[in-house]
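**Student:** Relevant sequence annotations retrieved from Swiss-Prot are reproduced here:
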type    : residues                  : note
BINDING : 10-17, 57-61, 120-123     : GTP 1 binding site
BINDING : 183-190, 230-234, 295-298 : GTP 2 binding site
DOMAIN  : 4-168                     : domain 'EngA-type G 1'
DOMAIN  : 177-352                   : domain 'EngA-type G 2'
DOMAIN  : 353-437                   : domain 'KH-like'
Amino acid sequence: MGKPIVAIVGRPNVGKSTLFNKLAGKRIAIVQDTPGVTRDRIYAEAEWLNYKFTMIDTGGIEPKSEDIIVSQMRRQAQIAIEMANVIIFLVDGKEGLAPADEEVAQMLRKSKKPVVLVVNKIDKLKDENNAYEFYNLGIGDPVTISSSQALGLGDMLDRVVEYFKDDESDGEDDERINIAFIGKPNVGKSSLINKLLGEERLIVSDIPGTTRDSIDSYVDTEFGEFTLIDTAGLRRKSKVKEEIERYSVIRTYASIERADVCILMIDATEGISEQDQKIIGYAHDINKAILVIVNKWDLVEKDDKTMDKFKKELKVNLSFMPYAKYLFISAKTGQRVVKVLQTAKECYDNYTKRVKTGVLNDVISQAIMMKEPPIVGTKRLKIYYVTQIGTKPPTFIFFVNDPACIHFSYQRYLENQLRENFDFQGTGIKLEFRERKEK
């Protein structure tokens, strides 16, 4: 089911993220010289010889380290190995064989998964002799590459796809709905995703900011197939000191751009912040479907009016997106968690909704009869025809006598009429006006 999964594993700093980014063709994993900088799995789609597959970049495995983050990275890598169809075991040809390599090899042998041993950092022909000592790992013939110079990658990928050539290379997967979970650090994004997935998929610990990068997880449910993107929490600029944090802020915005639905998570005990408004404002500006989730609702003292009051306050602070859907949950206790993906799917359905042209024009004709367009200057707006030209978000073109005659208040009226007649809750809609000469 689905595309084959290829996991890139190995001890820290052997070049996994550099290789991953070369294969993905874009800078997906955070790459820095600090050991352990790729702290969680990151996914990307790849293709070679018409075979489509999913790659996983794992945090480096340090088998005997007691450091809390490293030990959690090791567990994450083990989960990636279990999920993978083929494993690329990356070692460092410059440093040579290390004890940690032997321990990783032992872990891979136990998995009984197909493994392609890849010796990285072989930048020159004369360095190829460095690969021989890795035969001692008992993993098979090594492939030599230089990920930084993109040398030998074709040979490596030939070996990888060899393992799933028997599988049918089907063309299209069912479309997955991309959902980005955004919000301040420690608002409960990773905890909610883990609850939805039913596995310890994301690093969750007491150390602030343990989701440094944006992480993808896949889940299939009765409501559809989803990609869940957990983003690093956005801090105020004064707190963003390390380079690593700057990368993560950029990645959060990039995650919003590739999402279909953005879920803003708010801490019920803290309420909405200026930072929350800023980040969801960006999602609104680039026309994403939006669901606002108030987490930690179990910690709030409440009566039967508390939720309505809280929602009313949120709507005031988020008045620029009156269409947003709201959900009050507790990721910790599981309260209403079952509704998260269902509600996100409703937002997505509205985000991709198409309205028949005949029905659309009937609604707009009725709206014009109820409220005639105002005169702007010396001309009155005439609407001849309207049609939907796209989705994500639903986009409508009105053919009119003069686009300059459209007053913002009348445009808002037309949008409200569309919303009243068709359910667009959870998504923005776009109205465009084009001139058409009257015949």
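Glycine is treated like the rest: Cβ placed from N, Cα and C.
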**Student:** Please report the Cα separation of Gly10 (GTP 1 binding site) and Gly183 (GTP 2 binding site) in Å, rounded to an integer.
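**Tutor:** Gly10 (GTP 1 binding site) and Gly183 (GTP 2 binding site) have their Cα atoms 32 Å apart.
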**Student:** Taking Cα atoms as reference points, which of the binding-site residues Gly183, Lys189, Thr231, Trp297 is nearest to Lys16 (GTP 1 binding site)?
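**Tutor:** Closest candidate to Lys16 (GTP 1 binding site), judged by Cα separation, is Thr231.
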**Student:** Where Thr231 (GTP 2 binding site) and Ile122 (GTP 1 binding site) are concerned, what is their Cα separation in Å, rounded?
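**Tutor:** That separation, Cα to Cα, works out to 34 Å.
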**Student:** Could you tell me how many residues in the domain 'KH-like' (353-437) are helical, how many are strand and how many are coil under DSSP?
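**Tutor:** Grouping H, G, I as helix and E, B as strand yields 31 helix, 24 strand, 30 coil.
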**Student:** Using DSSP and three states only, what is Lys16 (GTP 1 binding site)?
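**Tutor:** In three-state terms, Lys16 (GTP 1 binding site) counts as helix.
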**Student:** Taking only the binding-site residues Asn13, Thr58, Ile122, which one has a CA atom nearest to the CA atom of Asn186 (GTP 2 binding site)?
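**Tutor:** Nearest listed residue in space: Thr58.
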**Student:** Specify the nearest of the binding-site residues Asn13, Thr58, Ile122 to Trp297 (GTP 2 binding site), where nearness means the distance between Cα atoms.
**Tutor:** Thr58
**Student:** Near Thr231 (GTP 2 binding site), how many other Cβ atoms are within 10 Å of its Cβ?
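**Tutor:** Around Thr231 (GTP 2 binding site), other Cβ atoms within 10 Å: 25.
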**Student:** Could you check which of the binding-site residues Asn13, Thr58, Ile122 is the closest Cα neighbour of Lys189 (GTP 2 binding site)?
**Tutor:** Thr58
**Student:** Of the binding-site residues listed here (Asn13, Thr58, Ile122), which is spatially closest to Gly183 (GTP 2 binding site) when Cα positions are compared?
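**Tutor:** Nearest by Cα distance to Gly183 (GTP 2 binding site): Thr58.
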**Student:** What's the number of neighbouring CB atoms sitting within 10 A of the CB on Gly183 (GTP 2 binding site)?
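**Tutor:** I get 26 for this one.
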**Student:** For Trp297 (GTP 2 binding site), what is the secondary structure state per DSSP, taken as helix, strand or coil?
**Tutor:** helix
**Student:** Cβ-Cβ under 8 Å from Ile122 (GTP 1 binding site), same chain, 6 or more residues apart: which ones?
**Tutor:** Gly93, Glu128, Asn130, Ala131, Thr144, Ile145, Ser146, Leu151, Gly152
